[in-house]
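According to TrEMBL, the protein carries these features:
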type	residues	note
TRANSMEM	132-150	transmembrane segment
TRANSMEM	157-176	transmembrane segment
TRANSMEM	182-203	transmembrane segment
TRANSMEM	210-229	transmembrane segment
TRANSMEM	249-270	transmembrane segment
TRANSMEM	311-333	transmembrane segment
TRANSMEM	353-375	transmembrane segment
Amino acid sequence: MRLVLAAIVVPLVVATIIGLVVLWPGSSSLVGSQPFAAEGTSLETAQITSLDVADCQEAAQALGAAASDGLLADAVCARVTSGAGQGLVLPVHIPSESLTSADVGDRLSVMYTPAALSSGTPYVFVDYARQVPVAALSLVYLVLVVAVAGRKGALSVLGLVLSSAVVLLFMIPALLDLASPMWVTLVGASAMMLLAVYIAHGISVRTTTALLGTIVGVVITVVLSLWGVEAANLTGATEDASLTLASLVPGLSLRALLTCGMVIAGLGVLNDVTITQASAVWELHAANPSLGRTRLFTGGMRIGRDHIASTVYTLAFAYAGTALPLILSASLIDRAVVDTMLSGEIAEEIVRTLVSSIGLVLAIPATTAIAAALCRTTPVLAEAGPAARRRRADGGAADQGSRS
């Protein structure tokens with residue numbers, strides 16, 4: 001059986017490597033092709049010292065600037081911490097929608113425009129500097145994962161890092177290089193799953209079973225997403241970011257990109273349920289090796305139904321949370337609820353949720369069937385979890401004691 005699995009997985013690994021080589025972006029990739037700052041400007045850092053612009057208005061006037069009331073209306077005082085103006089406390093214009101979260105001590109990324117000295121606000125807000133809080137949350141996450149899950153938790157984080165590298169170093173540049181979005185997604189998803197599954201869970205029949213179940217789910221999701229986008233006439237051009245991307249990258253298919261996004265969006269949850277489902281079947285077999293494949297499948301599906309019941313709304317809630325501003329904006333319009341839900345922007349989220357959920361639901365019985373078939377051919381103690389191994393060892397000791 002291990003030879004059969006090797007005959008399936010090895011070609012998959014080889015095909016993935018070949019796909020990475022063939023689709024690897026060349027020097028023509030558009031990554032980094034658009035300048036962040038206009039010529040004559042520079043990106044600097046600053047720290048808010050006061051929310052009352054009157055506290056630093058005199059400093060701007062001392063530089064010979066004629067303050068603009070329009071810009072100063074939404075400005076704060078900030079100490080420049082880099083560049084030619086380092087140490088100066090000057091007004092920094094912040095758009096009203098971003099000003100509500102400003103507080104004294106916040107660090108900012110600002111754009112310095114020497115030609116705007118006459119406006120009184122040569123430093124304009126770009127974004128908040130979030131390095132410290134994001135780094136702190138990342139550290140807490142890493143410590144907790146390792147503390148709770150131990151070595152396997154550390155390996156799962158490593159798998160996450162490498163999977164993210166696949167997205168950043170391969171998928172994004174390849175898509176901007178106008179490679180086939182669907183092939184890029186399939187190759188990228190395969191590479192991500194191989195790295196995430198085998199690094200976090202090790203190479204075994206059990207993890208290979210989960211990988212095969214994930215592949216089944218991915219194939220189903222790809223087919224459904226292709227059909228769903230075509231049947232629902234989804235264009236992928238409902239967001240400003242998509243339209244901007246289309247204008248900057250001529251020839252990029254937004255519909256194909258939408259399809260790829262549907263596949264990638266459900267990949268993490270799909271891998272989660274296939275791993276847990278394969279483990280559940282193996283534990284059932286380890287606890288009672290006399291169970292046949294049919295009973296293993298039915299027992300595994302009882303657990304699988306709980307997975308389905310919980311994950312059905314997991315994806316729906318995740319997408320609803322992401323699209324909440326969009327849903328609120330659409331609800332302001334005097335329009336029938338059904339028509340609103342079927343408008344282009346919201347329909348994309350609905351189709352995305354349904355496609356990912358169907359792939360997820362069908363991957364569970366597929367994984368259960370594969371696991372039930374394979375675990376009967378695998379030595380119990382070789383693939384069982386620690387709890388099951390202890391139960392088997394205790395049972396063996398008890399039998400030995402009774403015979404003596």
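Backbone N, Cα and C define each Cβ position, glycine as well.
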Range from 132-150, 182-203, 210-229, 311-333, 353-375 with most C-beta pairs under 8 A to the transmembrane segment (157-176): 182-203
Leading stretch by Cβ pairs under 8 Å, where the reference is the transmembrane segment (311-333) and the options are 132-150, 182-203, 249-270, 353-375: 353-375
Contact between the transmembrane segment (249-270) and the transmembrane segment (182-203) (at least 3 Cβ pairs under 8 Å, separation 6+): yes
